[in-house]
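Visitor: Dropping the structure in here first, questions after.
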Amino acid sequence: MIPAPVPRLAVIVVAAGSGTRLNGGAPKAFVGLDEHTILRHALRGVFAAPRAQVVVVVPAGFEGAALTDAREVAGDRLDLVSVVAGGDTRQSSVAAGLRALWADVDTVLVHDAARALTPPEVFERVIAALDDGADAVIPTVPVVDTMKRVDATGAIVAAVDRSELAAAQTPQGFRREILAEALTAADADHTDDAALVAAAGHPVITVAGDAASFKITTGPDLERARSLLATAPPPAAPAESMPRGPRVGIGTDVHAFGGAGTLWLAGLEWPGEDPLSGHSDGDAVAHAIVDALLAAAGLGDIGTHFGTDRPEFAGAHAGAFLAHTRNLLAEAGWRVGNVSVQVQANRPRFAGRRVESERVLSAALGGAPVSVSATTTDGLGFTGRTEGVAAFATALVVPA
Ligand code: CTP
Ligand code: MG
């Protein structure tokens, strides 16, 4: 295979802010939007845009977490990603990103991770303007509110003609040396790169931004992003960065007998049998399958997606776990090939309901074949003493 050329374009994703105004319990880029962080969503847009070196700038200590996010969305571009620690100001974080650029890079985009939902088309418009010869390009959107100039006391000093104004977004694109020189020459701190480059005397042109590219700054912004995600799925990754399969995964789970109610195992209710204890229904078979599928797709494990902080999965049965897992896989470009799971337990006796459980589990996975087998352990171990059940699953996933 011919190696892909070293890109001449780089995207610096600044994610090193603390998110004081959001106050989300973690640095802003690492606050969850759904089951994924703000950073993961921002990177999804970056990797859906044209191929580039990607430098993610994060608070010191968050490099590993950022790499995990990048790994999940970079597809075959992971070798283009580096993660570096940022500085106390956005401008110093941009400078840290610039220091990590490869020698061949001549064009740089700087993007706020806090703009988690920026569509790839905005990246494309900025890149196209740079390709057409611009030295500095920013996306903007019209200002819709009527503007006033106010003084320190809050009194209106003057009306401002809204038609002369535009709200600046990111990614902002520059010839590399222009941005680098403006940073070196800077004698003030600027909140965006266009201001820095303009202060250094360079003209900056604009292209159309996008309403979805708003910056998550406060709690209501976070809610807005969450509700947009709930109604519109994020853009699919481009074909060239799709993970290539097939891939296999393994998952195991154990639950002890205990608690009240009836037994739920392998997607079936077993009247008259002792229940298993757990945050959900204790269905070790379903949980082992979830782990095997997530592992196969490289999407973490059951704790990543179904932690005890998710009340909607308290008491949930296999169908809910498997359907959500299938959705997570689909979102990442995978479908289930097949699943094989073995139960180690003295009770219940699977022989009479094995095929029924296969049918139920398969239906929850959209029809993918599921094989269930069961065994005992000759009286040995906790399963042999009928203290609980163990399940072992393997799964195959293939690109959707
Ligand atoms: N940023 C950065 N390094 C900093 C400050 C900001 O990389 N020292 C990044 C943020 O992570 C964010 C973008 O610059 O993606 C825009 O900054 P802002 O929205 O102000 O984020 P925060 O500084 O994190 O938020 P706040 O100002 O509320 O603390
Ligand atoms: Mg800030």
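Note: Cβ is positioned from N, Cα and C throughout, glycine not excepted.
Remember, it's a predicted structure, so these values are computed and weren't measured experimentally.
According to TrEMBL, the feature divalent metal cation binding site maps to D253, H255, H287. For 247-397, the entry in TrEMBL reads domain '2-C-methyl-D-erythritol 2,4-cyclodiphosphate synthase'. The region '2-C-methyl-D-erythritol 4-phosphate cytidylyltransferase' annotation in TrEMBL covers 1-246. Marked as region '2-C-methyl-D-erythritol 2,4-cyclodiphosphate synthase' by TrEMBL: 247-400. For R21, K28, H279, T376, the entry in TrEMBL reads site 'Transition state stabilizer'.
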Visitor: Measuring Cα to Cα, tell me the gap between K28 (site 'Transition state stabilizer') and H255 (divalent metal cation binding site) in whole angstrom.
Guide: 37
Visitor: Looking at the recorded positions R21, K28, D253, H287, T376, which have a C-beta within less than 6 Å of some atom in ligand 1?
Guide: R21, K28
Visitor: Among the recorded positions R21, K28, H255, which residue has the fewest other Cβ atoms within 10 Å of its own Cβ?
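Guide: Counting other Cβ atoms within 10 Å of each of the recorded positions R21, K28, H255 gives the minimum at R21.
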Visitor: Taking DSSP as the reference, which of helix, strand or coil describes K28 (site 'Transition state stabilizer')?
Guide: helix
Visitor: Around D253 (divalent metal cation binding site), how many other C-beta atoms are within 10 angstroms of its C-beta?
Guide: 23
Visitor: What residues, ordered by sequence, lie under 8 A Cβ-to-Cβ from H287 (divalent metal cation binding site) and sit at least six positions away in the same chain?
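Guide: Expected: G251, D253, H255, S280, I302, F321, A391.
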Visitor: Compute the mean position of the Cβ atoms of D253, H255, H287, which form the recorded divalent metal cation site, and then list in sequence order the other residues of that chain whose Cβ is within 8 Å of it.
Guide: V254, L276, G278, G282, D283, A284, V285, A286, A288, V389, A391
Visitor: How many Å separate the Cα atoms of R21 (site 'Transition state stabilizer') and H279 (site 'Transition state stabilizer')?
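Guide: On Cα coordinates alone, these residues lie 34 Å apart.
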Visitor: Mean pLDDT over the domain '2-C-methyl-D-erythritol 2,4-cyclodiphosphate synthase' (247-397): what is the value?
Guide: 93
Visitor: Using a 10 Å cut-off, grab the number of neighbouring Cβ atoms around the Cβ of T376 (site 'Transition state stabilizer'), all chains included.
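Guide: Other Cβ atoms found within 10 Å: 15.
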Visitor: T376 (site 'Transition state stabilizer') to H279 (site 'Transition state stabilizer'): how many Å between their Cα atoms?
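Guide: Per the Cα atoms, T376 (site 'Transition state stabilizer') and H279 (site 'Transition state stabilizer') stand 25 Å apart.
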Visitor: Helix, strand or coil for H287 (divalent metal cation binding site)? Use DSSP.
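Guide: SS state of H287 (divalent metal cation binding site) = helix.
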Visitor: Relative to the Cβ of H279 (site 'Transition state stabilizer'), which residues of the same chain, six or more apart in sequence, are found under 8 Å away?
Guide: T308, F313, A314
